């Protein structure tokens, strides 16, 4: 067999690599990483057919204008790392000048990490207001064995981290729904925060909100001071459901009346739905098992699918 010519090898080295399933975050992004790959592959084939490598430069480059972009990854610098609980961290990233990500509510962005030579991508929802200037913040839970978590745990101030987006989001409009019922498990709290912020910032928005946060223990509730601030508004109620607490006696008295122990089950869901001041539109964010359970309990409580949005 004739050895492959140097030219052929050069072209092969430049060929875009097909993404592995671990690189797709599964959130239905447009464009998805596979769409980006198809586009790059077509570009490579065109360049190879014309034997013109200059056709490959430009688009493949990482974006340098420090603006978030759905097609290419942009580097942002970590400006602070704060540990919230034993496994959850709040990361703050710098935006050049006083620029803003300009996210609409509940939109997520996709992080790229390389671990042991394997590229991994995951979607996260910033908890900072979409119009925050000069920074954005992300809440991330790190898992012992998670590939992406191993990478994230190495971050320190000044590190460059690559993001692309934004994607998804909940098309929220002030006063469109009488009441929003937010069901969040753990870091599923993230997309709820910017929506709460926008409701409390807008004096004309009279939407009622009932937020139910599900956590293992009292110590593992994130962002307590921020949630306490929200709960002071006339139109916002916050409940906690703590799966690993057996008694409420050790909790601060201010939490006792709005906290339940055990799991958010069908009976508790009916109680919460019945306590809503208006027929609620429901926002759900958690693991896929949590999302499925919530949809089932809501149905039993008389809430149909067209009145729910799952992040």
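Think of each number as a place in line: the chain as shown, counted from 1.
Cβ atoms are placed via backbone N, Cα and C, with glycine included.
Annotation comment: TrEMBL describes 122, 124, 139, 141, 148, 149 as FAD binding site. On its own chain, residue 139 (FAD binding site) has 84, 88, 89, 90, 124, 127, 187, 189, 190, 222, 223 as residues at least 6 apart in sequence with a Cβ closer than 8 Å to its own Cβ.
As annotated by TrEMBL, domain 'FAD-binding FR-type' applies to 71-173. Break the domain 'FAD-binding FR-type' (71-173) down by DSSP state and the numbers are 6 helix, 50 strand, 47 coil.
The region 'Disordered' annotation in TrEMBL covers 1-20.
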**Message:** Say we define neighbours as other CB atoms within 10 Å of the CB. Which of the binding-site residues 122, 149 has the fewest?
**Reply:** 149
**Prompt:** Can you list the residues of the same chain, besides 122, 124, 139, 141, 148, 149, whose Cβ falls within 8 Å of the FAD site's Cβ centroid?
**Reply:** 111, 138, 140, 142, 146, 152, 187
